[in-house]
């Protein structure tokens, strides 16, 4: 069995508080994009095996796809194992939910393969044990995600918007970024309600001008190259740029495919991980 596991970007990422257990309380607009890993699974006698086309990706319990298989087996008392083949296209430690979407893909595939017939809500509940973005990745699309990622409201689709992604040649630890975040210093929060209203009207220009990610400044302080990427993409014709998630990937919105292609060509001269894609 095979599935495409899609990446996401954040159109808005707000932090509205912190729980006693240390988790930040979030309010985010998430959007699936047409960049994906491919996951194939087959049944084995009992053990879980994971193979990946990228040598630097761990293939043991450090990998969320492996963890997802293990938790699914335990939750539904499945004695058989799975052989997972992961074809990775989404950059790692990039702010694009690459690990989370792989985990969600494994949960969905195993649900079908073993005829468990768990609902999306059940899969989301298992997913939350793996990471805050996993529940969203079960369904994907355009969604408002709140709490620690567990409250998901599907929104009207904001599909077919042209996106160029650039990931600088380093990864970022989400944990470290949240550790350095100081809510008391935030003056302006994302206008999430206005963004949703204008996304419903398909107003890409309002969205481009009002996208906001509270984690951006934290990552920018350590990595000035993110500012350089944003400025260069704007100078080539992007109508709006922002860092996705905890970074370091920057995405740019375009209203013209020729400008997007020019941006892709220019950025590809400097960076390895550059993609031209669209929202889906």
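Glycine residues also receive a Cβ, built from the backbone N, Cα and C atoms like all the rest.
Summarising the annotation, Swiss-Prot assigns active site to 8, 133. The annotation ATP binding site is assigned in Swiss-Prot to 91, 92, 93, 94, 95, 96, 97, 98, 99, 100, 101 on the grounds of sequence analysis.
With respect to their backbone Cα atoms, residue 93 (ATP binding site) and residue 133 (active site) stand 13 Å from each other. Among the binding-site residues 91, 95, 97, 99, 101, the ones whose Cα sits within 10 Å of the Cα of residue 8 (active site) are 95, 97, 101, in sequence order. Around residue 91 (ATP binding site), the same-chain residues at least 6 positions away in sequence with a Cβ under 8 Å from its Cβ are 98, 167, 249, 273. Annotated ATP site 91, 92, 93, 94, 95, 96, 97, 98, 99, 100, 101; additional same-chain residues within 8 Å of its Cβ mean position, judged by their own Cβ, are 7, 90, 245. Within the same chain, residues at least 6 positions away in sequence whose Cβ sits under 8 Å from that of residue 97 (ATP binding site) are 7, 8, 90, 133, 136, 137, 245. Counting only residues at least six positions away in the same chain, the Cβ atoms of 10, 172, 174, 243, 244, 245, 246, 247, 248, 249 sit under 8 Å from the Cβ of residue 95 (ATP binding site).
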